[in-house]
Amino acid sequence: MIYGIGTDICDLRRIAATFERQGERFAHRVLSDAEFAVWKARSERWPKRGLSYLATRFSAKEAFSKAIGLGMRMPMSWRLCEIANLRSGKPVIVLHGELKEWFEARGLTAHVTVTDETEYAASFVVVEKL
């Protein structure tokens with residue numbers, strides 16, 4: 001049964017402007033440690049791809065927060081929600097700490113898709129109750 005659906009579109013120019021003001025502090029606030037390592041490697045090699053990576057993660061976490069009906073309030077937090085990729089490239093949501101406990105206690109599972117273009121990143125999340 002569908003528990004919730006969330007979607008988000010993110011303007012890469014907005015992410016770039018925030019990054020210009022806050023620098024790596026912004027990436028640390030939004031990304032898990034594993035995501036930060038991927039972002040750092042991509043940014044050093046291809047700055048535009050690093051920005052797109054940051055924007056897709058921001059967008060996916062916003063969409064997830066909407067799908068679970070919490071928005072950005074506890075137990076939902078940026079760093080407890082990680083968007084990883086399977087070897088095939090498929091994005092998956094990996095939860096940590098309090099958020100993982102909250103999610104599992106409700107018997108939920110999530111599906112995520114992300115996309116990015118020149119100026120936008122978008123995400124769609126479907127959460128099911130098993």
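Just so you know, glycine gets a Cβ as well, placed from its N, Cα and C.
As recorded in Swiss-Prot:
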type	residues	note
BINDING	D8, E62	Mg(2+) binding site
DSSP three-state assignment (helix, strand or coil) for E62 (Mg(2+) binding site): helix
Distant-in-sequence Cβ neighbours of D8 (Mg(2+) binding site), under 8 Å, six or more positions away: S59, A60, E62, A63, K66, A122, S123
